[in-house]
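*Asks:* Encoded as structure tokens, here's the structure I'll be asking about.
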């Protein structure tokens, strides 16, 4: 230590003793600008045999208990260097030369564990809930927040982490050493934004030295001094990582990178899961290159905020929406029988297009032709009570059949919601699927048409049997378009129909079909 540096420290010691209490705030404001004093104090602390070490430690303790915030921060900036000097002296078993440093650390610890009234202080931290917004994330919108029993039971519940109460210590031993030092690093990390760059550099350097001393990496780092291993605890290493993470984004990239690697190295040797988890998380979140930082501006850790857009579609298909759609559809009495037939044909077209998409267009044209040419095939099978209404409906069937098909096909191509609704109509309950005793012909027809449809898809040629299917012709209806969505058990009847001979008979086969007539009875 040079004479000039020693003179600066001695002047600083004498100045504070003669300082009146009224001028203490101005003195604290001007103290942080004295860079030469700070560097001289670091050199005094690094020399355990210096005669100025004891008065310097006493002066720093007076600063800390003065109650002035800036004087407290001035003392805290030397805390990493003080911890390193204490651990180095303890490892060399030269306890007598570290008495003043130990007294300063104990004094700061005992002041921090109590509040201004002298009561034991309990520090708490509330872990943020993912269901509530924070500076780190925006919860996704899930629609209306229903007050269910589960939601009410969890309302207001959040996990809180407590630190304390901490007992007072009169001396540092091997049992309580890292409990005290971990708490002191916690206090230092709470004031990281007020620490100068020289303090962050000291933090990174002492973290590297503590982790590699006594291990082969010490020769790689070329650290001189003690060569014995310094024991550390898992919580102490986590607190070191907190300060290093801050140093990454505040102008000390290289030193912080070296310290992070050394902490991972030591945590792997000690098999500490907590520092390994935190260190690897920090390493994975770092950018590829150093961050530019304005050392004179506000210090902060950059975080990425998630977008506020909704992540769940408001048109999502749920069991409630399907049930509501089914009720609405069953309660609508304004639909005519032909409109219901168009909807069933549309659903069946979607089913058959998955099996053989190449024949779907021909099936549509054939169904349209059948609807326009034979509007009154199933009239004999209608109930007497609904004959008048059925006659009026069949008079308008031939005119609106093609219009219905064109409108349905256009709507299905333009909107994805129609496809979802079509899939919903394929869902039949057990009660709707079972036929009534009076409708054995309908069940027989449906089974025959299904078997013929799948035989056509698989490419197997089956000789036509007129007696095995109801409503199928003798020569031209082997591949008719099938209508398999039978959803209204009271409105569906089977009517036999004959196929008029086509003028242009082609070799292309058409999908099998059945004729369905609906009644509003």
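Even glycines carry a Cβ here, placed using N, Cα and C.
The shown structure was predicted, so the numbers you read here are calculated from the model rather than taken from an experiment.
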*Asks:* Considering the residues 66, 140, 453, which is the one that Swiss-Prot annotates as phosphoserine?
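*Replies:* In Swiss-Prot, 453 carries the phosphoserine label; others show none in the record.
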*Asks:* Run through 310, 400, 433 and tell me the one Swiss-Prot describes as phosphoserine.
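*Replies:* Per Swiss-Prot, phosphoserine applies to 433.
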*Asks:* Among 197, 422, 482, can you tell me which residue Swiss-Prot lists with the annotation phosphoserine?
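*Replies:* Cross-referencing 197, 422, 482 with Swiss-Prot, phosphoserine lands on 422.
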